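The active site, acyl-thioester intermediate annotation in TrEMBL covers C124. Sequence annotations record features per position, and here TrEMBL assigns active site, proton acceptor to H387, C415. Annotation comment: TrEMBL describes 41-297 as domain 'Thiolase N-terminal'. Here TrEMBL flags 309-428 as domain 'Thiolase C-terminal'.
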Amino acid sequence: MTVMMSRQLRTALRLSPQLKSGSARLFSSQGCLRKEIRDAYILSAARTPTGKFNGAFLNVSGPQLGAVAIKSALEKSKVPVEKITDVYMGNVLQASVGQAPARQAVIFAGLPPTIEAITINKVCASGLKAVAFAAQNIQLGLAEAQIAGGFENMSRVPYYVPRASNLPPFGHVKMEDGLIKDGLTDVYDQFHMGNCAENTVKKFNITREEQDNYAIQSYERSQAAWKASVFADEIAPVTVKGKKGDVIVSADEGYLDIKLDKVPTLKPAFVRDGTGTVTAANSSTLNDGASALVLGSKAIAQEYGAGSRVLARIVSSADAAMDPIDFPIAPAKAVPIALERAGITKDQVAVWEFNEAFAAVIKANEKILGLEGARVNPVGGAISLGHALGSSGSRILTTLLHQLKPGEYGVAAICNGGGAATAMVVQRIESV
């Protein structure tokens, strides 16, 4: 702190004694900048269908998927585009995507080039953290309306080849799979994220049967939800151009792609010494997709929120971190912080949406938080619906909002590689 800043702070404290107590919701010590922290609201939420790996979206870039979600969310919100000042979008696997992926999504969506766009990479939590950043702008009075979400096309991630300056003058060249290197590997222990899940199941005595039963439940729930048109209001169809004409993709691709009776028979995918229990079936899949939400201040929500299917107040959010190998249980550290900031208890939460990176993630966090029997992922999750990394955090928030009834609280929580997690508490409302 400079001498000038120190003098300004002392002067502010002398003129405003209430700042010493910390009771006032203020974020600046300078009178000219002093503002009260405001509420941020969600006016709309939309997501594309989640595509299978090398599936329907193979030739659709991540930013193009993001553009579909942004355009849909903005249309649903009824907020004039000129009210939007910033867009935050999560994107993890950015190799070969091109400069400023979030910026691309904004331009492809037809938004004015005067709207700023920021790309967020917090691995799997990117989309939810993007929403938190956008909400903070509104809460601090720096913006009136924002768009936030995320996108990913895991099918299009390239292989990496070392630069020529590092290559021998002749001989073979080794390529690396960018998807594995930058998306699925624990940098610190140099093994797959699935090995971290194996560490978790051993630590918390989670059986293979528990994991398989949860995976089967995820597929059964998502299949029932699609049959009942539960996702109809949140889906933004994607038009894919092909040699034989355009194809409209309007449903998730992977939720039927399973033989439930085969789940218990699959071999472990990561630890193969006879002790492994994490398989391809009780893990999330590799996917492509996008999601976006429109956020606004109280004034924006009052003017444009009437009739919104998902109108909600962002009550709180929190991040937490721990040892990288323990990333599967990081939500159990972030959730209590978010609940405390929200001023509610877990018993007041109507619906929980945890990202199903692995069945082990859900079973471990349920045990730690005491959520056995709670409404956790009632319509399925990433195991059956898919896990498009940069979108997953905002996708579970989108799905959560469409399940809540006015007055109900919901929690979205997602772990991320590196040993961290993000959680958010929202409350559905009928009006502001």
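Along the chain as shown, residues are numbered 1 onward.
Quick reminder: no glycine exception, Cβ is built from N, Cα and C everywhere.
Where the annotation comes from TrEMBL, it is an automatic prediction and has not been curated.
Structure with TrEMBL features highlighted.
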residue : record                                   : DSSP (3 states)
C124    : active site, acyl-thioester intermediate : strand
H387    : active site, proton acceptor             : strand
C415    : active site, proton acceptor             : strand
Discussion item. Just to confirm my parser: what is the rounded mean pLDDT across the domain 'Thiolase C-terminal' (309-428)?
Written reply: 99
Worksheet item: In angstrom units, rounded to an integer, how far apart are the Cα atoms of the residue listed as 'active site, acyl-thioester intermediate' and C415 (active site, proton acceptor)?
Response: 7
Worksheet item: Do you know offhand how many angstrom separate C415 (active site, proton acceptor) and H387 (active site, proton acceptor) by C-alpha?
Response: 12
Worksheet item: If you draw a 10 Å sphere on the Cβ of C415 (active site, proton acceptor), how many other Cβ atoms land inside?
Response: 32
Worksheet item: For the active-site residues listed here (C124, H387), which one has the lowest count of neighbouring CB atoms within 10 Å of its own CB?
Response: H387
Practice prompt. Kindly report the helix/strand/coil residue split of the domain 'Thiolase C-terminal' (309-428) according to DSSP, in that order.
Written response: 51 helix, 36 strand, 33 coil
